[in-house]
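Look at TrEMBL and you will find 237-239, 270-273 tagged as disulfide bond.
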Ligand SMILES: [Zn+2]
């Protein structure tokens, strides 16, 4: 079964809520990058958050997230679009830390404070917008919640979950984003806060046998929401030889000459999907010609 995201409105349209099952998406990321469990959890949570943020985009809009902490992971990079496609990578995929004092994957230690969370939005026809906050926890759910409050002035709550088997296989991944819409009553916000606080283990609620609406019901109550849209989501990298040709035109001509003379070509590898592209001498000469234009 493919991954799915549900967009809904709850409490008489006072609350916007997105829930996502990203189990296949995060499994794919784990396989592409051979991430170890703490890195899988961190990259997985970033991918889930990116899917949730991107669910507010329209048409050709895109967004990119960068999380740069001081821990062993280095930088986490993800991007997503309005079609539910997401991709990402982490500088150091082989991070496997001891469980934290609560017996959970220690994402906060792997990310490491101090650090920054940056979200860049490319809205079709407009100027790109970049918002940035300092990391406040490193567990990422709280950091995205903080980002939305500070940088986008939208009171929100994120829940992000990745459950991993001892053999590194991703058992489940997913989460939710709740946004309080203008005009929502205090009673609604209070009740929602209580519900989130008593939710229990999020990974138990992203159970494929129950379906994604189970999580929705637990969050806002049965019959208390209406579904606006359901969308397929997936790990997807649109890279191509053409896109790499484009990015190689920024390399200095002298470096390209060196690739021609010494290596008789160049191999580039996509960070997001590990696909390799080979540029022979003729390809490199064409890049030089383009630069000279
Ligand atoms: Zn790629």
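Residue 1 is the first one shown; counting continues down the chain.
Glycine too: its Cβ is placed from the backbone N, Cα and C atoms.
Where the annotation comes from TrEMBL, it is an automatic prediction and has not been curated.
When the Cα atoms are compared, residue 273 (disulfide bond) and residue 239 (disulfide bond) turn out to be 8 Å apart.
Taking a C-beta cut-off of under 8 Å and a sequence gap of six or more, residue 270 (disulfide bond) has these contacts in its own chain: 237, 239, 244, 276, 277. Taking all protein chains in view, 20 other C-beta atoms sit within 10 angstroms of the C-beta of residue 237 (disulfide bond).
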